[in-house]
Amino acid sequence: MPSSLLLEVPALADFNRVWTELTDWLSLLDRVIKSQRVMVGDLEDINEMIIKQKATLQDLEQRRPQLEELITAAQNLKNKTSNQEARTVITDRIERIQSQWDEVQEHLQNRRQQLNEMLKDSTQWLEAKEEAQQVLGQAGAKLESWKEGPYTMDAIQRKITETKQLAKDLRQWQINVDVANDLALKLLRDYSADDARKVHMITENINASWTSIHKRVSERETALEETHRLLQQFPLDLEKFLAWITEAETTANVLQDATHKERLLEDSKGVRELMKQWQDLQGEIEAHTDIYHNLDENGQKILRSLEGSDDAVLLQRRLDNMNFKWSELRKKSLNIRSHLEASSDQWKRLHLSLQELLVWLQLKDDELSRQAPIGGDFPAVQKQNDVHRAFKRELKTKEPVIMSTLETVRIFLTEQPLEGLEKLYQEPRELPPEEKAQNVTRLLRKQAEEVNTEWEKLNLHSADWQRKIDEALERLQELQEATDELELKLRQAEVIKGSWQPVGDLLIDSLQDHLEKVKALRGEIAPLRENVSHINDLARQLTTLGIQLSPYNLSTLEDLSTRWKLLQVAVEDRVRQLHEAHRDFGPASQHFLSTSVQGPWERAISPNKVPYYINHETQTTCWDHPKMTELYQSLADLNNVRFSAYRTAMKLRRLQKALCLDLLSLSAACDALDQHNLKQNDQPMDILQIINCLTTIYDRLQQEHNNLVNVPLCVDMCLNWLLNVYDTGRTGRIRVLSFKTGIISLCKAHLEDKYRYLFKQVASSTGFCDQRRLGLLLHDSIQIPRQLGEVASFGGSNIEPSVRSCFQFANNKPEIEAALFLDWMRLEPQSMVWLPVLHRVAAAETAKHQAKCNICKECPIIGFRYRSLKHFNYDICQSCFFSGRVAKGHKMHYPMVEYCTPTTSGEDVRDFAKVLKNKFRTKRYFAKHPRMGYLPVQTVLEGDNMETNLQAEYDRLKQQHEHKGLSPLPSPPEMMPTSPQSPRDAELIAEAKLLRQHKGRLEARMQILEDHNKQLESQLHRLRQLLEQPQAEAKVNGTTASSPSTSLQRSDSSQPMLLRVVGSQTSESMGEDDLLGPPQDTSTGLEEVMEQLNNSFPSSRGRNTPGKPMREDTM
C-alpha cells in the first residue's frame, strides 16, 4: 500500500497490519498443507495426519471471526473515506484475502477428503496384502515341507499329484496377489505426491516371492514328470539291455573261442577278420556304456527307496546280474583284443599299444592340469565338478583297457622264449640274438612300467583335484548361504531405514516412539556384525586354501560390508538425532513424561520446573503422582508390623520395586552418574538435570528388562520420590550427594559396596572423612526413613549422636578411613540400621523354610522364620511375629533365632543344643538376665534400646528398693563416697547409677519425640496453608503436601528376645516382654517417669547428657 495513501487515511495502517498478519498466516498454513506428506499404507500415520488436518481446520474456523472483523472494518473505512484510490485498495485486498481464505479452506477440505480416501484405500490394500502374504506363506510352507522321499512309482506319483494340486492352488491364489497388486497400483497412482515407498517395496517383495514360488513349482513338476517317465521306462530298458548283453556275450564267446585256435599266427586273413568282428563288438559295447550307467544310477535310487522290501531284494539281484554280465563282457572283449594283438605282429602291436596309452595318459594329465585353478564362485566350481565327473568316468572306462594291456604285456614276456623274440626283432641285424631278445624285453617292460606309473599318477592327481573341488564347493556354498542370509537381513533393515521421515518433520509426541523403534532396529541389526565377520572369515579361509574369489564374489562381499557400515552409521545418526530432539523437546519441556499419567490426570509444570498433577474430575491439584499416592496408601497396610525397623524396611522394599530400582546395578548407576559428570557433590541439581540422569538410568534398564520398565512412569515416580525426600518445599533443587544417596541406597548391590561408594562420596582426596562430611552423609541417609514417618525409631533427625559414636569407635581420631567406617557400619548403628534390614527383607522374600508356623499353621514358611530356643519344634512365620501373636505356652521374652535363608544341618544342631540348654533355665534366670533382644533399632554404640518400656523398668527397681526397706535414695553427691564402707553402700551406688542411665535414655527419647512432633506440626502447618489458598491458585501451584500422610506410628514398647541370623552369621541377645500388655500413651508414660526421676535426682542432669551413647552387655 502506498505510503502517501497511509498518510492521507491513517486508519488504513491498522487495517493493513491486520490484513498482512492474516495473509501471512494463511500463506504459511497453505505451505504447511502442501508440504505435509504421509506414508501411504501406514494407517497410524494417516490417522495422525487426519487429526492434524482436523485441528488445522478448527484453527481456521476459530480465526474466521478475525476475517469477518477485518471485512467489517474495511466496509467502515470505505464508508468513512472519500478517497477513491483507498476505496479501491481496500476492496482489492478484501477480495484477495477472501479468495485466499476460500482457497486455503478448500485445500484443507480436499486434503482431508483425500486422506480419508487414502485411509480407506490403504485399509483395503493392507487387508489384501495380508491375504496375499498368507497364501505366500502357505505356498512356501508346502514347498519347504517337500523332502526327498522314496524313488518309487507310487511316491513319485503322489509328489506329482501334490505338485499339480499346489499349482492349481497357486492359480486360485493368483487372484489374491492380483487384488493386492491392483490396490497397490491404485495407491501408487492416486497418491504419488505422498510417500509411497512402503507400498512399492512391499509389492515388489510380494511379486518376487510369488514369481519364485511359481518357478520352483514348475521346475519341480517338470523334474517329477521326467523321473516318472524314467521309472516307467526303467523295467523295459533293463530288460532290453539284459537281452542285448546276452547276445553280446554269445558273440564274445564265439570270438574268444576263435582266438584260442592253434596256428592262428599263420592265418593272417583270419586274424584280420576276427579283429574286424572284435571292433564291431567293441563299438556296440561303447555305444551301450551310457545306457548302462543310467540304468545303474536309476536302479540304485530305486533300490534305496525300496530298502527293506521284497522288491528291493529282487531288484538288487537283477542289478548285480547286470553289473556282473557287463563286467565279464568287457573283460572278454579286452582278452579277445589281447590275443588278437599277441597273435598278429606280436611285440610291435604291444609296443604301439603302450605308446598310445602313454600319449593318452599324458594328454589326460595335461587336460586335468588345465582344469586348475579352482573357480572363485559356486557356479564356476560346480561346473568344474561336472567336468571332472565326466573326466573320472572316462578314466573308469579306460581302466580295463590299460589293465588288460599291461596284463597282455606281462603274459607275452612270460610266455615268449628268447628265440621267438629274436625272430620278432629284425633290426639291427648286426646284433647277437641274445642281445636282440634282451632289448625287446627291456623296451616292453620299460614302457609297461611307464604306463603303470603314469596311470597311478593320473589317478592320484584326479583324486586330489576332486578333494579340492569338494572342499571348495562346501566352503563356497557356506559363503553363498551366509551372503544370501546377510543380504536378506540388510535389505529388510534398509526397507525400514528407507521409510524414515526426517527428524524435523516428526511430531514431538512421536519422538519417543520413533526412538524406541530405532533402538529396536539397532538391537535387531546388532547380530549382523557377527554375520559380516563370518563371511569375511570364510573369504579368508578360501584365500588360505589357494582359492581366489571371483570379482563378483569380491564385489558382493565389499558391497555387503559397505552396506552394513552405512546402515550402522545411519542408525547411530538417527538415534543421535532423535536423542537430541528428545533432549531439546522432550526432557527440557518434560513432554515425554506427560504419558506417565492417564486421564483424568494431567501432568503440569510449575515455573521452577517442578511437576505437579491436575485431576480434572475433582478439579484439584497435588504434588504427588497419582501412582505415588496409591503407593503411599498401600504402605499403610504395613503399619501393623510392630517393629519399626522391619516396618520401615518393608515399606522401602515396596517403594524400591515400584521405582524399579531393584533392577539397577551399582555399576550401571555409577556409569549414568559419570556420564552426566555428577562429581561435585555439594553442587545443586535442578529438575532437568535430575530428569536427564534418571532417563539415562531407566533407558538402560529398559534395554535389559523391556517388559518391566516403563521409562516415563519410572522417571516421574523416582523424581517425585526424590523431591519428597530431599525437597519437601519444592524449590526445584537438590544436592548431588542427596541424589546419589537416594539412588544408591535403593539400587541392587552388595551392602558393603554401597557403604564403600557412599563413603567415597564424602571422603577427601586422601580417602579420609571428618565429622562434618560424615554428618552430611548421615543427614541425607536419615531423610529416607524420615519421609516415611519412621525417623523417630532411628534416633530422630539429629545425627550428631551417630557421628559422635562413629568417631568414638575410631578412638576419637580427627578423621576416619573407609575400613573403620565399614567396621562401624557392620555393627548396624541405629540411624542406619534400616538399610541392612532392607537387604535382609529382600533376601528373605524368596526364602522357603520347610517348617510350619505354630500359630497360623503356614507350611512351608515363606520369608523370615523365627525358631524358638526355649521349646523344641516351635517356629513362627514373619506375619505372626511382626503382629506380636504367640501360641499358648510360649512367651515373647523367650529367646528366638531369626533366619532369612533356609537353615543348614549345622544350624539345626546348634539350635537344638541351645534349646536343650535353655530347658534347664527358669523364668527367674531370664528375668535376672534381661539382655536386650536384637531388633534393628538397637545398637551397641548409640545407647540402650529406645523402645523398651522404661516405666516398667523403673517400677521394678523401685519395688526392689522398697522391699529391702531402704531409705529414699540420696542425691548423687551423697551416693559417691570415695570408698564404700559396706556392701549395702555399694548396692545403693549401683542402683543409683542404673537409674541415671535410664534417665539419660528417657531424655534422649523425649528429645526424639519432640523432634518428631515438630516435624508433624510443620507438615500440618503447611497442609493448612495449602488448603486455605484459593481454588484458582491451587490449580496452578498444587495443594497437596509432598510427604505421604501415614497413619499414627505405634511405639514399639518392647521387643522379644531374638537371635538374628543372616546367612551363616549369627548374633545373640535377649530382652524383655510386655508386648502383650495394653497399648499405652507413650509420651504420657515418659513424662511421668521424667518427673519421678527429676524428684529423685534433681542434680543428675549434668551427669548424663541426653542421647549419649551407652554400651550394654550382649551375649
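Each residue, glycine too, has its Cβ placed from N, Cα and C.
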Point to revise | Among ranges 43-87, 358-402, 403-447, whichever one TrEMBL labels coiled coil | key: 43-87
Review point. Under TrEMBL, which of the candidate ranges 462-496, 532-566, 777-811 is annotated coiled coil?
Key: 462-496
Study note, to complete from the structure: Secondary structure of the domain 'WW' (595-628) by DSSP, residue by residue, totals 5 helix, 13 strand, 16 coil
Check your understanding: What is the three-state DSSP composition of the domain 'ZZ-type' (848-904), stated as helix, strand and coil residue counts?
Key -> 6 helix, 15 strand, 36 coil
